Amino acid sequence: MSLDPTIAARLKRNADGLFTAVVQERGSGDVLMVAWMDDDALARTLETREATYFSRSRGEQWIKGRTSGHTQHVHSVRLDCDGDTVLLVVDQVGGACHTGDHSCFDADLLLDPEA
């Protein structure tokens, strides 16, 4: 799988060839997680609708839920105005966080919402 050249030309990557992926749940609008992608991970995601990311620690792609069963079916993908971040809107099965939580942002509330 290779990324469409017109999409690749619009992406701004860091020195390691990666860009940020923000993941939002389709039904609730919750932000579930933030991950990294490379061109191949985005190409695979666009082709299969299975959320695929790049692990900086392992130096390889990983498909969300391949081992845990906590999958993300990708409903849509958008590129931000700067070209350095994509937004994946997904249908989440199970927890999105590696801790098992629904969202990676469930654990620490630093500022309570205003009343």
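For all residues, glycine too, the Cβ spot is worked out from N, Cα and C.
According to Swiss-Prot, the Mg(2+) binding site annotation covers Asp80, Asp82, Asp84. Here Swiss-Prot flags Cys81, Cys97, Cys104 as Zn(2+) binding site, drawing on sequence analysis.
Sequence-distant neighbours of Cys104 (Zn(2+) binding site) (same chain, six or more apart, CB under 8 Å from its CB) are Leu32, Met33, Val34, Ala96, Cys97, His98, listed in sequence order. Across the binding-site residues listed here (Cys81, Cys97), the residue whose Cβ sits among the most other Cβ atoms within 10 Å is Cys97. One way to see the shell of the Mg(2+) site is to take the Cβ centroid of Asp80, Asp82, Asp84; the remaining same-chain residues with a Cβ within 8 Å of it are Lys12, Phe19, Leu79, Cys81, Gly83, Thr85. Note: Asp84 (Mg(2+) binding site) has non-local neighbours Leu11, Lys12, Arg13, Phe19, Thr20, i.e. same-chain residues 6+ apart with C-beta under 8 A of its own C-beta. Around the Cβ of Asp82 (Mg(2+) binding site), a 10 Å sphere holds 8 further Cβ atoms from the protein chains shown.
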